[in-house]
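Undergrad: Dropping a structure here in structure tokens format, bear with me for questions.
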């Protein structure tokens, strides 16, 4: 909604434009009227809509055509004033003033217009019969108000309707010629209906209607008011009420009725409560509230976020089998402009016979939050988190402390850990990721797939952690400055092909050797005969030289579910990186031996000194 309103008064000379402004401000009819009133600003606290309002007068005698065009360009709404006792001023509305305001607008939004029939004190009847054909011809005309500056009749109402035309415009909502909601409005209201339909029975119960009413307007409907609403719908819409519940058709009809009766602010209140702008698009503030993620920090869903997305899951799991079928998932995504999760989903999380279980669903949310928190905020926005939870979705996100602090303290508080699986093409990275999801080669899709992610939970010292595996090619890391940052690096080589180890060794030296990221070399295809290195150190010798854990053999051959031991090891290394270095540093063994020798020597010296003291005392 706009933060201020600029109203421009136009019309023929002597129709009373200036008198209307002065009567509003002075609350009495002015005895002397200047050719043009100065621009006035009405403070927000004295206007019904609580928005500051600027009122601008126009005088054809004092202002040029260029100044007029500039004022029209700046105006949010134009009041075309005519004299109800002068037919000629009414005709000028059609032939002069409306073409001046919107004549150059062939496409896009037009400036809303309020017709103002002044000097009603000089005419006994109404001018509406003459004005109605003009209102029918020009859809940008919001309404017509007859008033009298002399008698102060309808002066406040005039400027209220002008404000309303800006803050609650009819044009984006309703097509007066077709007498129906515009498609964008119907689409937005349909999404709101689906979010409010908590049991997904395609209708709003009294409880759901009251929750909706309270969310939008601050108070529930009285029982009789609820019955009256349903009665009106029943009389006008076939199928608008089903089993005493309001259907989507009934909901859309009610909003159409509000607009037709001039209460379009009601529909706008609903739309804005659910995040819509004047253009009937979800606002940036609604979809992406401010959240600061400093360098070295990561983002995770907190308990509020997990509770919300789990409620959404349970809402759409209509058969209560603990998993979302493709149809149920499509229902969940119906409030999005497009499905947010693509065909890569089955390769990213655990699924069950084409269905998405709660565990895999929560894993996917965790992955999106970690990799792209802006997308996560947007997804929560489309699901109505800010409205349904009455707080912006940044409250559902935890920003972790800097990784540097984790390294200093020797442990991490993070629940989500990132492992980059690095290796040359063909070493089995994709198979490794799928093995993490419990799929052996017998259950995997052998078609070529782009590098991706896999996420699952792993137990680390009795705590559940989310481990993300990210597939990275060695060529990319060696040829570019691609970000190699992660919590643990899994350097994978083909144990049957000695050449593939050289790629991993180069990546280690280039990116990880001088850093604090724990690394684990993995020898894939362990079911095949081990290759013999032609020259250079063997993988085991390389790891000993660089104080790294010994290479771990791995194979996912066969239909059985692969072992999870290696994934637990990776997660533990990521959670406690200092333990890796402490246990493997050769100096620690040397130091232990040295301390043993020194300890024995100190004990001998102390014993000898004690002996001398005892001898002297005798």
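A Cβ is built for glycine as well, from the same backbone N, Cα and C atoms used for every other residue.
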Undergrad: Among 164, 420, find the residue to which Swiss-Prot assigns the annotation ubiquitin cross-link.
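TA: Record says 164.
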Undergrad: Which of 18, 47, 64, 89 does Swiss-Prot put in the same Mg(2+) 1 site as 35, 57?
TA: 18
Undergrad: Swiss-Prot has 426, 428, 429, 430, 431, 525, 527 binding GDP. Which one of 389, 490, 556 is in the same site?
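TA: Candidate in the recorded GDP site: 556.
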Undergrad: Going by Swiss-Prot, point out which residue in 74, 96, 150, 545 is annotated as ubiquitin cross-link.
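TA: Annotation hit in Swiss-Prot: 96.
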Undergrad: Which one of 92, 119, 179 gets the tag ubiquitin cross-link in Swiss-Prot?
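TA: Checking Swiss-Prot against 92, 119, 179, the ubiquitin cross-link entry points to 119.
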Undergrad: Between residue 426 (GTP 2 binding site) and residue 57 (Mg(2+) 1 binding site), what C-alpha distance do you get in Å?
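TA: Cα to Cα, residue 426 (GTP 2 binding site) and residue 57 (Mg(2+) 1 binding site) are separated by 76 Å.
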Undergrad: For the recorded Mg(2+) 1 site, whose residues are 18, 35, 57, find every other residue on that chain with a C-beta no more than 8 angstroms from the centre of their C-beta atoms, and list them by sequence position.
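TA: Output for this site, in sequence order: 17, 21, 33, 34, 36, 37, 58, 59, 62.
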Undergrad: DSSP on the domain 'EF-hand 2' (304-339): how many residues come out helix, how many strand, how many coil?
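TA: DSSP composition of the domain 'EF-hand 2' (304-339): 23 helix, 2 strand, 11 coil.
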Undergrad: When DSSP states are folded down to helix, strand and coil, where does residue 426 (GTP 2 binding site) land?
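TA: SS state of residue 426 (GTP 2 binding site) = coil.
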Undergrad: Starting from each candidate's C-beta and looking 10 angstroms out, tell me which of the binding-site residues 57, 527 has the most other C-beta atoms.
TA: 57
Undergrad: Could you tell me the maximum Cα-Cα distance in Å between the residues recorded as binding GTP 2, namely 426, 428, 429, 430, 431, 525, 527, 556, rounded to a whole number?
TA: 17
Undergrad: Which one is it: of the binding-site residues 431, 556, which Cβ has the fewest other Cβ atoms within 10 Å in this structure?
TA: 431
Undergrad: Sequence gap of 6 or more, Cβ distance under 8 Å: name the residues on the same chain that satisfy this around residue 525 (GTP 2 binding site), in order along the sequence.
TA: 427, 428, 494, 495, 496, 555, 557
